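Engineer: One structure, as structure tokens, below. Some questions next.
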Amino acid sequence: MKGLGTLINVVTVLAGSGLGLWLGSRLPARTREVLTGGLGVVTLLIGLDMARATGNILIVLGSVLAGGLVGTALDLDGRLEAMGRTVERALLRASRGTRPAVAAERAGRPEPAQVPLAVAAAGTPAGTGPGAGTGAGAGPRPAVVPAGSGPEDGRPEAGHPQAGPGPLQAGGEGAIARGFIVASLLFCVGPMTFLGSIQDGLAGDYQLLAVKATLDGFASLAMAPALGPGVALSALTVLGVQGSLTLLAGFISPWISEPMLNELTAAGGALVVMIGLGLLDIRRLPVANFLPALVFAPLLARLAGQG
């Protein structure tokens, strides 16, 4: 059944998050390391098994080398990582910007940006800011600045003793958003997401997504105690991203012959071996730079007369 791998992934993220919120930080780091090592070995075996699908190892060699050259020239690994950081910063900035308005509305008072700077500097109680509640004569207080401005303009950063609970701290306005963003990026920006979804969509083979689902389940188990229920909400992102990739792969499957699919599977197996080596801390390779191999493999198979 195509798409089953994504559904399994959604379930493991939800289960891992729920168990993590219940257990807290009681799962020893040593246990997590042992489990990750075991999953690394299984991932390595799956990659080797996938590589056996090739009918011509030279096609796999050519596609991996050509894909690696193109991916390195385009810096796909660096771009993917930078994209993740950019999305995270943008969403956290939006979360940070909405927090003062929500807090002010709950307290029934005007937003900090509406308090005149001169009044705040004079020490008149304004009801907002780090110096709220001090009367005149208590010395000048920091001027209240508009919401959304950064630490360079004098406002204490989140986590600073004067800043109060920030949006990135547990219990802050953006705590759920933080968990959602971090977990979504971790679970969806990676080679296993693309490889597994394509394999599931083209051949209905969800074993790679099942391994990814197990990894994501343990990752959510470890993250949920620190980042809160937002980690569980990332299951929606997993469903949307992997589901879309699986549907897209299923759409193009009529144009891919069995020999072309075999070479694509074998090239994907080479990338899965790279992932396994990273999980085992043997060698960390920029796997995303080799993703173009998945395009070259069926094309080379076609050129070799196997299409």
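In case you wondered, yes, glycine gets a Cβ from its N, Cα and C as well.
As annotated in TrEMBL:
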type	residues	note
TRANSMEM	6-22	transmembrane segment
TRANSMEM	34-51	transmembrane segment
TRANSMEM	57-76	transmembrane segment
REGION	122-169	region 'Disordered'
COMPBIAS	126-138	compositional bias 'Gly residues'
COMPBIAS	139-150	compositional bias 'Low complexity'
COMPBIAS	159-168	compositional bias 'Low complexity'
TRANSMEM	175-194	transmembrane segment
TRANSMEM	264-280	transmembrane segment
TRANSMEM	287-305	transmembrane segment
Engineer: Could you check if the transmembrane segment (34-51) is in contact with the transmembrane segment (175-194), meaning 3+ Cβ pairs under 8 Å among residue pairs at least 6 apart in sequence?
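Structural biologist: These two segments do not touch.
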Engineer: I need to check the long-range neighbours of the transmembrane segment (57-76): which residues 6 or more away from its ends have a CB within less than 8 Å of a CB in the stretch?
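Structural biologist: The answer is 51, 263, 266-267, 270-271, 286, 288-297, 300-301, 304, 306.
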